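Heads up, here are the entries from TrEMBL:
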TRANSMEM  64-85  transmembrane segment
DOMAIN    145-460  domain 'Amino acid transporter transmembrane'
TRANSMEM  158-177  transmembrane segment
TRANSMEM  219-238  transmembrane segment
TRANSMEM  250-267  transmembrane segment
TRANSMEM  317-338  transmembrane segment
TRANSMEM  358-387  transmembrane segment
TRANSMEM  480-502  transmembrane segment
Amino acid sequence: MRCGRWCGTAGAGSSLPAGGGGFGAGCAAGAAAAAAPAPKEPRLPALPHFWKWRVKLQRPGNSILPTFVTTTFVIEAMAAANAQLRWKRMENLKEEEDDDSSTASDSDVLIRDNYERAEKRPILSVQKRGSPNPFEITDRVEMGQMASMFFNKVGVNLFYFCIIVYLYGDLAIYAAAVPFSLMQVTCSAAGNDSCGVEADTKYNDTDRCWGPLRRVDAYRIYLAIFTLLLGPFTFFDVQKTKYLQILTSLMRWIAFAVMIVLALVRIGHGQGEGHPPLADFSGVRNLFGVCVYSFMCQHSLPSLITPVSSKRHLTRLVFLDYVLILAFYGLLSFTAIFCFRGDSLMDMYTLNFARCDVVHLAAVRFFLGLFPVFTISTNFPIIAVTLRNNWKTLFHREGGTYPWVVDRVVFPTITLVPPVLVAFCTHDLESLVGITGAYAGTGIQYVIPAFLVYHCRRDTQLAFGCGVSNKHRSPFRHTFWVGFVLLWAFSCFIFVTANIVLSETKL
């Protein structure tokens with residue numbers, strides 16, 4: 001789950017927006033933060049090219065296993081971080097009490113302690129037995145804070161570098177997706193304004209859009225408008241987006257449900273165009289990157305897990321969540337495979353429903369065709385502000401402050417310009433998703449959780465001894481699983497790199 005997307009405020013120093021999600025699964029906001037994530041905006045990269053029905057049934061299922069393993073790793077690291085923070089607070093409190101006792105007489109301390117205990121003791125405290133478990137997850141500890149607790153300086157810098165690259169990829173995908181959707185819906189070689197996407201028609205960037213303007217020109221005009229409208233938010237803070245994110249999550253669920261129903265109706269009427277073979281391994285190498293990007297949620301777990309009141313069956317709940325998301329992806333992908341021909345399926349899956357022969361109602365066509373515009377436009381400023389804050393955190397030195405020009409001009413500029421330049425040069429969403437997922441996404445989803453759990457286990461054993469057990473310890477507690485995850489991450493890296501090299505050499 002990339003696990004839905006971003007609710008709440010992108011505060012300074014936060015590693016990623018509060019509440020994860022997007023394409024894989026949207027993360028709920030506020031009180032809904034503990035609920036099952038909602039899917040991200042559909043940007044399935046030409047699924048039938050590689051998710052042929054038998055291969056597709058196995059490969060995403062296999063991808064969920066290491067993803068679920070690393071999810072339990074992050075939960076265990078969160079519990080260990082809470083235990084360390086709780087231990088440090090107790091130590092600080094003890095030091096303060098020792099300092100106070102050294103400046104007051106024994107009788108004064110006794111009278112004051114008795115009074116404070118009487119005032120602070122809960123009325124029903126006599127009914128509570130035993131001390132709370134130190135590994136209870138009560139504080140929201142973001143991945144950046146966990147990295148600072150368990151990694152050395154080099155590891156922390158590598159963590160922030162990985163997060164920054166991932167966010168740059170996210171912004172580039174979003175900056176390309178919105179103008180691309182607008183171009184596809186508004187440009188038509190046939191000149192039919194109500195159907196921006198025609199059946200059995202392949203467009204090139206050099207085809208005419210309006211009069212002398214080419215399609216690529218229209219794309220860049222939309223990109224410029226998109227940048228001018230949403231880019232300035234990068235120079236300010238984005239706050240109180242809870243209800244806006246709830247609205248976009250609702251739109252995602254509606255869009256996914258509508259697409260599944262429309263595809264099933266079309267297949268049921270015998271109008272399905274897809275005839276996939278039993279297996280096709282030609283796209284497996286790109287599938288790894290797409291699966292990583294689709295099931296991404298590790299960076300959002302602190303915002304999702306912490307508000308859950310009862311965490312007794314947390315692992316089981318997360319497992320059921322992954323099963324639900326896999327089933328949802330399977331339903332969406334299977335209907336796509338048999339509803340549309342592989343050679344006609346567009347990178348932005350919603351655009352396949354902007355055809356008049358698929359959807360007769362114009363309002364539904366425009367809603368699905370422009371759906372990425374609505375959802376992505378609300379997320380872009382939040383991700384941009386988060387990336388800017390991560391840049392500040394990476395270069396921050398304790399006790400130091402940035403000059404106004406650096407803080408308000410330089411950091412927002414280096415945040416906004418690179419992804420816009422990438423979107424200006426290409427709108428190949430399949431490649432952008434694959435590269436972002438396989439490189440930066442692999443680091444966040446696999447590598448960082450594996451090293452986090454390895455170091456947190458070592459630190460916990462040193463701090464609390466061998467006899468103390470983490471109540472939220474991953475069921476995959478053997479060191480073998482850490483190696484397995486790292487090996488899987490290396491495989492994703494190799495497959496996507498091979499895909500890029502082979503595509504460039506036309507092999």
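Cβ atoms here come from the backbone N, Cα and C positions, even for glycine.
In TrEMBL, annotation is done automatically, which means it is predicted and not curated.
Keep in mind that this is a model prediction, so the values were computed, not measured.
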Under 8 angstroms for C-beta pairs, at least 3 of them, ignoring pairs fewer than 6 apart in sequence. Is the transmembrane segment (219-238) in contact with the transmembrane segment (480-502) by that rule?
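When sequence-distant Cβ pairs are counted, the transmembrane segment (480-502) does not touch the transmembrane segment (219-238), since fewer than 3 lie under 8 Å.
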Using Cβ atoms only, state whether the transmembrane segment (358-387) and the transmembrane segment (64-85) have three or more pairs under 8 Å that are 6 or more apart in sequence.
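No; fewer than 3 Cβ pairs under 8 Å.
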Based on Cβ pairs under 8 Å, which of the stretches 64-85, 158-177, 317-338 lies most in contact with the transmembrane segment (480-502)?
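Per the Cβ count, the answer is 64-85.
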Given a Cβ distance threshold of under 8 angstroms, which distant residues of the chain, six or more beyond its ends, lie next to the transmembrane segment (158-177)?
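For the transmembrane segment (158-177), the list is 15-16, 22, 41, 43, 143-144, 147, 151, 223, 226-227, 299, 348, 372, 376, 379-380, 383-384, 386-387, 390-391, 393-394, 415, 418-420, 422-423, 426-427, 429, 432-433, 435-436, 439-441, 443-444, 447-448.
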